[in-house]
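Working notes, beginning with the structure itself.
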Amino acid sequence: MIMVNLLGLALIALIVWWFWLYQRHTYMSPTTEVTIDLADGVYHPDVIQVKANSTVKLKFLRTDPSPCSEILQIPSLNYSQQLNLDQITEVTIEDIPRGDHPFHCQMKMYNGLLQAV
Amino acid sequence: MKSMQLSVKGASCASCVKKIETALINTNGVSSAQMNFADRTVSVEGVASPESLIKAIEAIGYKASLNAAQSNHLFEQEQQDQKYYNLLIRKTYIALALGVPLMLYGVLGGNMQVSTDLDRIVWLVIGLLTLMVMVYSGRHFYLGAWKSFVHHSANMDTLIALGTGTSWLYSMAIVIAPTIFPEMAKHVYFEATAMILGLLNLGLALELRARGKTSQAIKRLIGLQPKTATVIRHNESLEINIEDVVAGDRVKVRPGEKVAVDGIVVEGSSFVDESMLTGEPIPINKEVDDEVVAGTINKSGMIIFKALRVGKDTALARIIELVKQAQNSKPSIGRLADVISSYFVPTVMIIAILSALLWLNFGPEPVVVYAVISATTVLIIACPCALGLATPMSVMVGVGKAAESGVLIRNGEALQTSSKITTMVVDKTGTITEGMPKMTDFIVVNGMAREMALQLAASLESSSEHPLAEAIVTTAKAQGIKLVDINGFTSITGLGVKGGCDDKKLLLGNHRLMSEQQIDVSAHQETVQALASQAKTVMYFAINGEMAALIAVADPVKDDSKSALSRLQGDGIRIVMLTGDNPQTAKAVADSVGISEYLAEVLPEDKADKVRMLQAQGEVVGMTGDGINDAPALALADVGFAIGSGTDIAMESADVTLMRSSLHGLADAIAISKATLRNIKQNLFAAFIYNIAGIPVAAGLLYPFSGILLSPVIAGAAMAFSSLTVVSNANRLRLFKPMD
């Protein structure tokens with residue numbers, strides 16, 4: 001029983017590490033234009049680094065038909081946009097302020113991060 | 001130069017891009033062509049016709065069509081939604097076709113245990129059938145869960161995959177190796193897996209349907225845009241696509257047709273129905289030099305107008321964009337739900353593990369069964385979607401509903417603050433009153449014929465540029481009176497005007513003018529005082545040195561200002577009127593609309609001070625004005641309402657824009673805001689109940705006291721219908737009538 005309990009606690013620790021503590025791989029954009037796939041419940045790439053104070057063009061290609069994925073929000077930039085299915089929706093951010101700008105769906109189930117450095 | 005977008009079919013490799021671009025650039029009239037391979041569209045700039053572009057692409061072996069306009073996008077979206085809905089329903093049928101008979105078998109006392117070799121074979125077959133159901137009906141959940149997992153994030157799919165996966169794996173373990181489980185723990189749960197998948201797909205399908213209805217307002221707005229327009233080019237009428245109309249085109253609108261783009265009337269006159277944009281039910285008369293707005297309907301005569309704004313610059317396109325943006329924004333009330341949503345799924349997974357451990361350590365036999373049931377049920381009942389949808393769904397419907405009533409709400413925050421307003425500061429001129437002086441009284445004296453007196457007075461004033469003179473002339477013309485020639489017209493600064501007509505000497509002006517000309521007006525002072533007390537400016541009209549008429553001019557109070565302000569007062573909102581006018585006029589207007597608090601002779605900058613002062617008193621202040629000279633006060637107020645300015649820049653800067661000039665728009669805006677906030681609260685309550693109460697019950701909190709432990713199937717139904725509950729509740733807002 002002790003083993004089972006330890007296994008359970010280890011699983012909890014794993015969940016905490018995997019979902020909250022792990023540093024996700026960052027996609028460094030070589031240009032100011034990034035195409036982001038929205039498929040099967042995730043944005044890919046989901047962590048994007050761009051140059052601060054520049055104009056950034058994000059092109060979202062949504063192929064995930066789930067209604068959860070249809071709205072994109074970037075709260076720190078006060079931005080929201082409907083993403084049409086099977087189409088590219090361009091999001092242009094002029095003079096992006098330095099810092100982290102999380103983006104997500106309306107329910108915050110699909111998450112991504114735009115880092116302006 | 002115009003820009004066009006074409007959809008291309010048959011482009012399967014990157015080299016096609018160069019080929020297509022080259023073919024287009026070599027076409028006459030094309031200045032640039034850029035293809036987007038990802039969405040197979042090509043943007044073309046130049047003066048070439050769409051037909052020539054399509055021909056050029058087809059000549060090199062591809063298919064092309066002019067890219068759909070906004071309304072067609074919407075149609076495509078609807079078609080895709082329908083396709084996805086059908087798929088979800090098919091998945092539901094397949095899952096329930098296995099789940100329902102199995103569940104009925106168990107409920108009716110069938111053997112769900114694996115006791116004999118025959119049981120093992122039968123359940124193995126059922127287990128494999130369940131696996132097939134999982135692959136067909138649950139593939140999207142498992143794929144989503146896996147993709148999320150490798151991206152170090154978790155969503156609803158994660159919970160579903162873990163919940164259904166656990167119950168299937170546990171059941172298969174019993175079938176494959178029954179000996180390692182105690183006798184009491186050999187119960188299989190294949191029916192739960194199939195039922196949960198069926199119910200979740202059904203919930204998603206119904207949610208998709210309900211969601212479609214939440215965006216009906218925007219669909220209706222987009223639907224206002226006509227697809228074609230009749231333009232006059234080189235003296236010829238041509239029916240062309242709306243995208244091809246350019247600024248400067250002369251556009252013909254026949255009775256019953258919609259105005260295609262924004263413009264100014266250059267020929268003809270008609271009544272135009274603007275109710276779809278402003279909520280104003282009465283058609284507006286449009287004559288030469290009047291502006292017409294895209295999406296409105298020409299009701300009577302034919303008009304020709306010059307296009308001023310086309311495409312995304314029309315007022316309608318800007319309204320659609322504004323409404324879309326506002327619909328997707330969130331008020332702060334949803335912030336807590338947002339924070340919870342971010343940590344929700346991993347937290348639920350931890351709770352599920354803790355719950356299983358508690359059952360394993362302290363639960364009754366068979367502990368394994370209880371541990372698996374509680375963990376599965378916790379995973380399945382938790383619904384992050386309901387939590388996440390609670391606020392945005394209501395905002396979407398509320399903002400759309402407001403737009404239908406001619407109220408443009410800029411964002412979710414403005415919606416929330418509008419519902420909390422305690423004091424409304426209202427500008428007088430143009431807000432409570434019409435904003436344009438009108439002749440209100442023409443009282444003939446000394447037995448003078450009214451029509452003749454008015455004709456002479458208006459004819460005399462037609463040479464004057466004074467605003468009060470304009471009011472008299474406009475009224476006379478509106479009454480069908482023809483003006484006559486005046487000779488010897490003279491304007492006497494600060495006093496009035498004089499002139500002659502045939503043998504008549506005409507004099508029109510104030511009391512001082514009459515005194516100077518020794519015309520006795522003492523007999524009329526009682527009438528003059530009565531008119532002045534009603535905020536009217538009184539002028540005297542004399543013919544041949546004898547009083548002929550008293551003329552009163554005023555900026556009349558709008559017909560419905562009083563009833564609209566009473567609605568606000570009925571809601572417990574304090575009304576304060578501000579005006580730059582004199583105290584007597586201010587009092588008269590305030591009295592006529594039932595306002596007890598007013599300030600007269602207030603300069604525009606002082607209006608902002610008044611707003612600041614009210615805020616310092618702890619009031620949540622709304623400010624209503626015309627959006628131009630009231631700008632500082634509008635910006636300073638907690639919510640700024642720009643009235644009757646749907647087509648100008650105020651729309652972009654005000655928190656709320658009232659498209660019609662009636663103050664009922666203001667009362668409607670507040671009523672809709674309150675109803676939306678109420679709806680959000682109901683949704684948040686429902687979402688929290690589903691999760692806050694549901695999760696502990698699923699974990700077995702009630703078991704020690706009442707022996708109640710939720711079945712995973714019930715949890716599946718709860719999860720499926722929790723999202724549906726909030727979306728359906730939000731849809732109730734569509735039926736809300738602000739005037740009730």
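Cβ atoms are placed via backbone N, Cα and C, with glycine included.
Confidence for the domain 'HMA' (B:2-65), expressed as mean pLDDT, is 76. The domain 'HMA' feature in TrEMBL is assigned to B:2-65.
Taken from TrEMBL, the feature transmembrane segment covers B:92-109 (among others). Tertiary neighbourhood of the transmembrane segment (B:92-109): same-chain residues 126, 129-130, 133, 136-138, 190-191, 193-199, 201-202, 205, 713, selected by CB-CB distance under 8 Å and a gap of 6+ residues from either end.
Sequence-remote contacts of a segment are chain residues at least 6 beyond its ends whose Cβ falls under 8 Å from one of its Cβ atoms, and for the transmembrane segment (B:121-138) they are 91-92, 94-95, 98-99, 102, 114, 160-161, 164, 168, 171-172, 174-176, 188, 190, 193-194, 197-198, 201. Here TrEMBL flags B:121-138 (among others) as transmembrane segment.
Summarising the annotation, TrEMBL assigns transmembrane segment to B:159-181 (among others).
Annotated transmembrane segment per TrEMBL: B:187-206 (among others), in sequence order.
Residues or ranges marked as transmembrane segment in TrEMBL: B:340-362 (among others).
The transmembrane segment feature in TrEMBL is assigned to B:368-391 (among others).
According to TrEMBL, the transmembrane segment annotation covers B:684-703 (among others).
The feature transmembrane segment is assigned by TrEMBL to B:709-730 (among others). For the transmembrane segment (B:709-730), same-chain residues at least 6 beyond its ends with a Cβ under 8 Å from one of its own Cβ atoms are 103, 160, 163, 167, 189, 191-192, 195-196, 199-200, 202-204, 206-207, 210-211, 214, 370, 373-374, 376-378, 380-383, 385-386, 389-390, 393-394, 396-397, 679, 682-683, 686-687, 690-691, 694, 697-698, 700, 702-703.
Note on the transmembrane segment (B:684-703): residues 333-334, 337, 348, 351-352, 354-355, 358-359, 363, 370, 374, 377-378, 380-383, 386-387, 389-391, 709-710, 715, 718-719, 722, 725-726, 729 of its chain, located 6 or more positions outside it, place their CB under 8 angstroms from a CB of the stretch.
Listed as Cβ neighbours of the transmembrane segment (B:368-391) (distance under 8 Å, sequence separation of 6 or more from its ends, same chain) are residues 155-156, 159-160, 162-164, 166-167, 170, 181-182, 184-185, 187, 189, 192, 196, 207, 330-331, 333-334, 337-338, 340-341, 344-345, 348-349, 351-353, 355-357, 359-360, 412, 680, 683-684, 686-688, 690-691, 694-695, 697-700, 709-712, 715-716, 718-719, 722-723, 725-727, 730. Through the fold, the transmembrane segment (B:340-362) approaches residues 154-156, 158-159, 162, 368, 370-372, 374-376, 378-379, 382, 384, 387-388, 695, 698-700 of its own chain, all at least 6 residues removed from its boundaries and within a Cβ separation under 8 Å.
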